[in-house]
């Protein structure tokens, strides 16, 4: 047991000092001056007439306990006045109602919800509109998204080390303010770039017949060049501020919760916190999607429709609202004290669950408060094999989560032949209940079964193994819908194996441009690249169901009895029979992946000493982001690109992929997923065997601690009452 937590070694040596003289009282290691201690004479005078010859035998021990308690108060609490909720000297009684772990959890959940909604919701929803509005390439928008993680990695060491030994709510409050500034900066280009103006081509498809202009593509590509792409630097700055502001949230916020609640309740509090962070992106997708249905120039009339490839929605509204909300959330967080009332009693409980360490830093209460201790703090963590292995296991899980959350909708879009919005909606229906429910359930199970240390790691092993087995779902795939010139030949022609040819005799009369990708489904069940490549000579007419219908298409074999020769705008529906089973198993993969997230985080908090928890979480986040969150989307994107059949042509440069080979996509995702899942399983196995269980059970200590009702009393009285 660390001496600074309870001082048990001095208490156990009580019999040795029973018959010592009053002058034998010595300094217990505190910096308290002798004049501040009660003398035996003053103690005797306090007792009055009840004093006896035997009483002085105990008075020095009482004096020593008082000095020890005073020493403990210096480390455990700065005094009752520091536990009031408010701002500076303004601490009204009405605010103390919120000065509880539940009250702080509410505002912390609001901050994590807002961060998830902004960074993981709005950004992913509007990134395509930003590319179109500011003439950005995909790699440029990818750099904008990565700027968040880059900033977080750069700040994690500083914030977790100094913030962990500082006033955590103030760090969290200022972080929320920086997050709000980042949102306002991100919306700034809308107000400085001028109005969005676009020329609309009202001519029909029939104008593409006749002579093709050889320099038409070069002229259009030249006209597209502009200085709008330089605004990517403003977007990157906004994302950098997002990363800086969110850094304290998942390090200091977690440790502050863990420090101020009972150790068995900590997983539930942390699970609720992370569940709010997962529900945030879901709200971001819904709100961001709704805002994209509003034209970016609010109040200006336009002939564009939401189906037009030139349409740009009001992507900036969500960021303005997020910036204002962040400022409002920061105000109450800044008012919380360094420690919540009654938190002193949990120090001993947390120390009892910490694995046995030989770093000797726990004997020095002043350790970790200066920059000179930073190298030693890093070295202590690097010598902790359990901590390192849990970090590596978290990195493998983060790689899968980041990769699948980015390209999961694309997988559904290709496998089930869905539109981008339909695929994103379907993926959201799976992620919200599976991710949010798994996160909350993981914390509940740890508390329900009172798992500790090695038991938590065993639970992580079970979850990882289950999700690993369920990952074999990617052995299944849906067959590709037939697409003329890509997966099958046109009517009356054969498609050479391994070659693409969109041109055929049936569309030779039309000057079709490959950049005009507008898929349509023919009445023969085959999908075509565009109305032009389907040989449709006239524009679309509105059908009975409100869909655009093209008639008399020369590439579609016409039969009067069946009505062939027509086509409907959009992709052909998939006839995949394994879709229900595939969705169920993907749900299992997601829920068991998130089920181990809170237990793994709890295990990390239990394998390091108390004063290093914030710093340990910061180091872990650096490892997770550097080895997982940042390279995850890049690795999965590279793997998925290997399955591409048809690439977009952007003025001679390769753009995004239009058509994937479903079988290859499933196979590559299976290989990548199993690789990271097996690595994560092995890391958890090694962490389980290297974890050193504490020698003292926290359950026994918990029974000896003062009740919650007395936790807000004088810390000196609490420690004296335990003797």
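Backbone N, Cα and C atoms are what each Cβ position is placed from, and that goes for glycine too.
In terms of which side of the membrane each occupies, Swiss-Prot places residue 169 apart from residue 669. Checked against Swiss-Prot, the range among 205-226, 359-380, 381-402, 491-512 recorded as transmembrane segment is 381-402. When Cβ-Cβ distances below 8 Å are used as the criterion, the transmembrane segment (143-163) is approached by residues 119, 123-124, 127, 130, 136, 171, 175, 232, 235-236, 239-244, 246-248, 251-252, 368, 374, 377, 614-619, 621-622, 625-626, 629-630, 633 of the same chain, each at least six residues removed from its ends.
Taking H, G and I as helix, E and B as strand and the rest as coil, DSSP gives the topological domain 'Cytoplasmic' (259-277) the counts 13 helix, 0 strand, 6 coil. When the recorded positions 521, 555, 566 are screened for a C-alpha within 10 angstroms of the C-alpha of residue 506 (disulfide bond), the residues that qualify, in sequence order, are 555.
In this chain, the transmembrane segment (170-194) lies out of contact with the transmembrane segment (451-473); the count of Cβ pairs under 8 Å, excluding pairs fewer than 6 apart in sequence, is fewer than 3. For the pair formed by residue 566 (N-linked glycosylation site) and residue 536 (disulfide bond), distance between Cα atoms is given as 8 Å, rounded to the nearest Å.
Distance noted between the C-alpha atoms of residue 521 (disulfide bond) and residue 536 (disulfide bond) is 12 Å. Counting Cβ pairs under 8 Å to the transmembrane segment (674-691), the stretch among 228-258, 381-402, 615-640 with the most such contacts is 381-402.
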